[in-house]
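Features as listed in TrEMBL:
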DOMAIN    93-137  domain 'Homeobox'
DNA_BIND  95-138  DNA-binding region
DOMAIN    140-341  domain 'TLC'
TRANSMEM  149-169  transmembrane segment
TRANSMEM  189-208  transmembrane segment
TRANSMEM  215-234  transmembrane segment
TRANSMEM  273-292  transmembrane segment
TRANSMEM  312-333  transmembrane segment
Amino acid sequence: MATAAAGALGLLWGWLWSERFWMPQNVSWADFEGPGDGYGYPQARHILSVFPLAAGVFSVRLLFERFIAKPCALHVGIQDSGPYPSQQPNAILEKVFISITKYPDEKRLEGLSKQLDWDVRKIQCWFRHRRNQDKPPTLTKFCESMWRFTFYLCIFCYGIRFLWSSPWFWDTRQCWHSYPRQPLTSGLYYYYVMELAFYWSLMFSQFTDIKRKDFLIMFVHHLATIGLITFSYINNMVRVGTLVMCLHDASDFLLEAAKLANYAKYQRLCDTLFVIFSAVFMVTRLGIYPFWILNTTLFESWEMIGPYPSWWLFNGLLLILQVLHVIWSYLIARIAFKALIRGKVTYPGRIRPRLCTLHSFLTSFLFSMPGGNWTVSSLACV
């Protein structure tokens, strides 16, 4: 039995690291054993160094939120209100709240009123206070967003600085020149490791952060991001990988900045940042990504190195990502447009768009989806 299990694991391991899957023709893992230049070639064992670094990133985050983000939040007027006061305990209502619904309809309210001999208004008040207990303080949300904003902005600036002096930034065909025998440089290695460590830290912290409705969606999102970064590193597609990472970082810090402005109640700044975020998101995801990134991964790479099994997988994932870009851009445009149209208020002699409607849209829709994910409940709020 043990021998059969060991044999099955051996077959699985051999299939997982099959050179026929990962590498182009006439290339083997042995070609990456040489020192190369700089940091050598990407190795799967390099990924192990990410885990202690991710723990370090998480520790830095805790210190940042306590000693930098929290004072900034207090400075802009966000109060440390603490948890909401506890509601009068009631086993029946608590069971309904947890197991059935947090928003009982009129029929259920009347049934609970008869069962408990309570007034309907009192039951509504109980559910409202109970929902408030699950809401995290604005201070906590501000600190989380400020950490993400700081990291996204710093890593984006680093990425631009690094890529500016990289030949494949100006000529994407350089992504495939001499592929896969492309040695790592220190800047490229640090860029990849820091991005991967950050997303692993998000995986850890998601279980201690504010619990949102899209918890499962974000968990899958982080897992997919880690998988793509790891896959491209092991397969030594790191040059085009840096282009993809930098392109996505371009709008992430703007989203977090808009959330910070919303929490601080800077409405005009919030609206402005949202408009900028929307423009950058659509230009990068619907323009630059397909005509720059997909062009080189699909056509230039086909011409220079030809397809092989992992090439199909990599491009398939990038195409799925493009589909998501289209969906997210459509949702941003449609709901923002509706928010502005419905916000038109007629005044004597003129019609003026009401920006607070956009602000409400941001509060109910945009800020419920950290990292670019959308929830059905947030769509219904507009």
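A Cβ is built for glycine as well, from the same backbone N, Cα and C atoms used for every other residue.
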The transmembrane segment (312-333) and the transmembrane segment (215-234) contact flag, 3+ Cβ pairs under 8 angstroms:
yes
Please give the average pLDDT for the DNA-binding region (95-138) in this predicted model.
79
Secondary structure composition of the DNA-binding region (95-138) [DSSP: H/G/I, E/B, coil]:
32 helix, 0 strand, 12 coil
